[in-house]
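The structure under discussion appears below in the form of structure tokens.
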Amino acid sequence: MGSTSFGIPEHRFGSNGEKMPVLGFGTAVFPPVGAEATKMAILQSIKLGYRHFDTAAKYGSEQPLGEAIQEALSIGLIQSRDELFITTKLWCGDAHGDLVVPALKRSLQNLKLEYLDLFLIHWPVSCKPGTYEFPIKEESFLPMDFNSVWAAMEECQRLNLTKSIGVSNFSCKKLTDILAIANIPPAVNQVEMNPMWQQKKLREFCRANGIFLTAYSPLGANRTFWGGDRVLECEVLKEIAKAKGKTAAQVSLRWIYEQGVGVIVKSFNGERMKQNLGIFDWSLDEDELKKIDQLPQSRGVTGVAYTSKYGPFRTVEDIWDGE
């Protein structure tokens, strides 16, 4: 595993040799803070050494990210776009075979980029073409045609619109369905993971199938409508942090990294941005790992917003296949 010039380790994808910094900067902010604030936070993060940026059509942050990249180039923070790793995601309303390539082209326009590094299917469900509102109306959901959507994702890679393709919020079962039809297997599965939701089964499945797992909500998505402070207020993590002279957030991020998983951090606070980078020059000992291993487990992101009495997912269990 190599690392960026700022010492962030990089994961090399087995399928195409592309390198991804294992720590990424997330741009989904709830409640939204506006384009200018988003752009300034991204510029600050580039100054601090972040090189991997995670956005999505749904977040409304593609444009400010694009502007931040242009500005970083013009003021010499980076010499070339190639120094960055940019991920965006396909929204449910575009998750139809014939709409995938146009959706990616639209994202590239927003980002003012010629290519992406990673393009992910955001959720394993489609909705009526051209539906962009959230929450999605119950009657708008449609089952995803994995065959045509994944074939179109592969087409995006063949057209060099993106270097790698992957998925987000996919269970082992749904990954199995994709692997059965894929010519190019997914490089990444981005899911919720933190010490309070450790995803052991999914981690093993992804490792066995050469899919790199990346964690969102690594700190429990504090101060969002779906998250809470159970990670940052966890007594076990706070005790370990105290003994180490670290924060509970750093312990959580370090734990994820030690599981061989990538992590998307999201803070627009300069001090915390710095702290989130400070996880690579120390480690957790066996006793600490054991304590974290025994924490009670529960999901923060239930996915209930993607269920509908009309299907295809009537319950949260349907989304995650009971995993």
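Here the Cβ of each residue, glycine as well, is placed from N, Cα and C on the backbone.
Note that the coordinates shown come from a computational prediction; the quantities given were computed from them, not determined experimentally.
Features of the protein shown, as given by TrEMBL:
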- TYR59: active site, proton donor (ACT_SITE)
- HIS122: substrate binding site (BINDING)
- 23-295: domain 'NADP-dependent oxidoreductase' (DOMAIN)
- LYS89: site 'Lowers pKa of active site Tyr' (SITE)
Whole-number mean pLDDT, the domain 'NADP-dependent oxidoreductase' (23-295), equals 94
Around HIS122 (substrate binding site), how many other C-beta atoms are within 10 angstroms of its C-beta?
-> 21
